[in-house]
Amino acid sequence: MNLAVKVGSLHLKNPVMPASGCFSFGKEVAAFYDLSVLGAIVVKATTLDERQGNKTPRLAETAAGMLNAIGLQNPGVERVIETELPPLRKYGIPIIVNVAGNAMEDYVQVVERLNDSPDVSAIELNISCPNVKCGGIQFGTDPEMAASMVRAVKRASRTPVIVKLSPNVTSISEMALAVEEAGADAISLINTLIGMKIDIARRAPLLANGQGGLSGPAIKPIAVRMVYEVTSHVKIPVIGIGGITTGEDVVEFLLAGAQAIQVGTANFTDPLACKRIIEELHAYCDEAGVKDINTLIGAAKPHAKGRFL
Amino acid sequence: MAVQRVLEQRVIGPELYALTFSAPLKLSEGGYEPGQFLHLRVTDSFDFVLRRPLSLCQVHVERNALTVMYRAQGAGTRRLARLRAGDAIDVLGPLGKGFPLHAGDRRALLIGGGIGVPPLVELARHLHAQGSEVVSVIGFQTADQIILREELKAYGQVHLVTDDGTEGVRGRVTDVLTPEQCEGVTRYYACGPTPMLRAVQTVLRERDIPGYLSLEERMGCGIGICVGCVHKVRREGRESYVKTCVEGPVFPAEEVVFS
């Protein structure tokens, strides 16, 4: 049975990778299992300088999901290159670095620094963090700004550029087409949906930041729909993200058209989530008689069955 | 981490429960510290995506079991309260850094507020075992909320405080922390709501007594990957956010910054 997939020039032994911000830089989860079982690893959003993030509370649980407003707390690109990435080498899997910033120059500078690291396999361009005033979301909601960002980063980057899209837009396909046109090598979607929880005892928003990003199984149907829609419009590979907790969820995203997937919130519920999901995916393929997982990609679409969209 | 068995679920007050389950480690070999927490999954579905961090209250070596206590005031903890003996429960831990013990301490002052009292019981047992005198000051809103008074009495003197004076001294735990009461205290340990910790830190700093605070922040993963449960600390003159799940929940009182 073949679980290996390709995302552009990236070769993954299976389609499962942790989502940025849901795995830190890997070392904590490495205490639970050997990370070499993963298709790839996506590390926490990295900015030019160290960031402390938002005030607390930063988290709130919701029905089958959660809100977060971490605010991109990270040690800055220099320390990421020097201390966080080298220990990941030994797993022999692609390392994808999520890049965030305020202005376009910040993104370009981070990407230029990452060019010097031998550990980086690809960049995931974070133009979709909803939790900081200037965290790139302004680039993630305007097709023209997104396209100019992608062009600048593509010029600067030695490695493939995956653009992570926000669902908080009127047309996700318009955004996807704009970044494809600008030269993106792949797209990942969706980042979190903006939400809010009110603390009825305090009669005020629960999160210190007011609003936060909704993730978890609650958003999965939205993510599946967006993956289905975007993969019907663009030719570049799409990585599906949103509420994946089981191997069957992965199959659903692949059938919708995703080339690979990312697991986010489930890592918080269960540190073994990614490993378990890979095992479940294997078991599914076994039982369903799927010899090559690539045959599942986009197979839920009408054209895959000889019909038109 | 593993699926454990619930051995007992006991009501100990209004909305207050004591949950005992088989330990995910061999307790006779140690491997835990008072002040650490267990991270419990509420159900095996993903209706509740976050675990509930509950501090280790009692260790039962002979049964290889652990007891935690909690207030069922949200949907998740109310669901936990439905567990019965024999049910399965997914337990991660013990996690985090607990209360450090100092062998030379003559007299330790333990300060607890409400549902912050439970971790002090296992701490008191350890302190008593190393020969330190244990004095506990525990505060509750009202008399029917009082928990663990007898358990703490087994290790030393207990001063009881209630907000409304229905039992013990009326007032706050800091009202009991007079210079006379603090005479001879070599170290303090506190766990409770943030306003209490802040007040205790201020009073005992004036008395020049070193101590530890067990902090309460909304926690996500419990293992350091979500960066949700941070608290501000000051180290070498520099303030930064650190994760309470892995660097805490217990911190030296002098480095904790309350905003």
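Every residue number used here counts from 1 along the chain in the order it is shown.
Just so you know, glycine gets a Cβ as well, placed from its N, Cα and C.
Marked as FAD binding site by TrEMBL: B:R52, B:P53, B:L54, B:S55, B:G76, B:T77. What TrEMBL lists as [2Fe-2S] cluster binding site is B:C221, B:C226, B:C229, B:C245. If you look up TrEMBL, you'll see B:1-101 marked as domain 'FAD-binding FR-type'.
For B:R52 (FAD binding site), the number of other Cβ atoms no farther than 10 Å from its own Cβ, over all displayed protein chains, is 21. Rounded to a whole value, the Cα-Cα separation of B:C245 ([2Fe-2S] cluster binding site) and B:L54 (FAD binding site) is 11 Å. Within the same chain, residues at least 6 positions away in sequence whose Cβ sits under 8 Å from that of B:G76 (FAD binding site) are B:V42, B:F48, B:L50, B:R52. Those binding-site residues from the list B:P53, B:G76, B:C221, B:C226, B:C245 that have a Cβ under 8 Å from chain A Cβ atoms: B:G76, B:C221, B:C226. Counting Cβ atoms from all protein chains shown, B:C229 ([2Fe-2S] cluster binding site) has 29 others lying within 10 Å of its own Cβ. Across B:R52, B:P53, B:L54, B:S55, B:G76, B:T77, which the record gives as binding FAD, the greatest C-alpha separation is 16 Å.
Taking the Cα atom of each, B:L54 (FAD binding site) and B:C226 ([2Fe-2S] cluster binding site) are about 18 angstrom apart. Just so you know, the Cβ of B:S55 (FAD binding site) picks up 29 other Cβ atoms within 10 Å once every protein chain is counted.
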